[in-house]
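Student: Just passing along the structure, written as structure tokens.
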Amino acid sequence: MAAAAAGDSDSWDADTFSVEDPVRKVGGGGTAGGDRWEGEDEDEDVKDNWDDDDDEKKEEAEVKPEVKISEKKKIAEKIKEKERQQKKRQEEIKKRLEEPEEPKVLTPEEQLADKLRLKKLQEESDLELAKETFGVNNTVYGIDAMNPSSRDDFTEFGKLLKDKITQYEKSLYYANFLEALVRDVCISLEIDDLKKITNSLTVLCSEKQKQEKQSKAKKKKKGVVPGGGLKATMKDDLADYGGYDGGYAQDYEDFM
């Protein structure tokens, strides 16, 4: 009985230790089960990589607005720098205008030319600053849109300018206006160029004088009447009056 009991105990122990691992049994062996879990771990790693890709895309999307903001800052800085330069230029022009004149260095004509030039620069600077401040469009048409550089360009520019100016030729102030205009625009010219312009105006003046003389001569010819004209007619009238007077005097002498 004891031997039987011992045999049963050994068999129970054997049965206890011979029980197979259900996990390994289901997995089809230790090695296969381990590979399966390792595969699942790799899937989890791939999922983590996908998250990393999403994070990188988000970071790129966040970086782009920062680039745009920096570009806007650069543009704003450029505008501010340009405004500072314009302001500095205006101050320099204003300072030069307020400086006392130096007659020992510049002639009166040169002083006038310098003042006109500085005034023009200041006006242009003020205009450009106003346009930039208020966002005015620089699109212009006609004579204001021209920027002549060649001979043909200046010829066309001259025609448009002539048409613009001569529309006021009926004004009482037109001649004085032209005199001042020609003097002002010729101040910066060289002597040789001034001589050419003077000669051209002299020739024009001579032609106008000839035309005026011819016109007066034609008017005189139209007023002449055949047979002595107006003077002859007056002479005849006086003769008739004298004949009448002579007859009256003869009658008086006969009466005496």
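Using N, Cα and C of the backbone, Cβ positions are placed for all residues, glycine too.
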Student: Of 129-144, 241-256, which range does Swiss-Prot call region 'Promotes stable association with the 40S ribosome'?
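Tutor: Matching range for region 'Promotes stable association with the 40S ribosome': 241-256.
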Student: I need the least crowded one of these modified residues (T107, S125), counting other C-beta atoms within 10 angstroms of each C-beta.
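Tutor: Ranked by other Cβ atoms within 10 Å, the modified residues T107, S125 bottom out at T107.
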Student: Roughly how many Å separate the Cα of S125 (phosphoserine) from that of T107 (phosphothreonine), to the nearest whole number?
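Tutor: With distance taken Cα to Cα, T107 (phosphothreonine) is 27 Å from S125 (phosphoserine).
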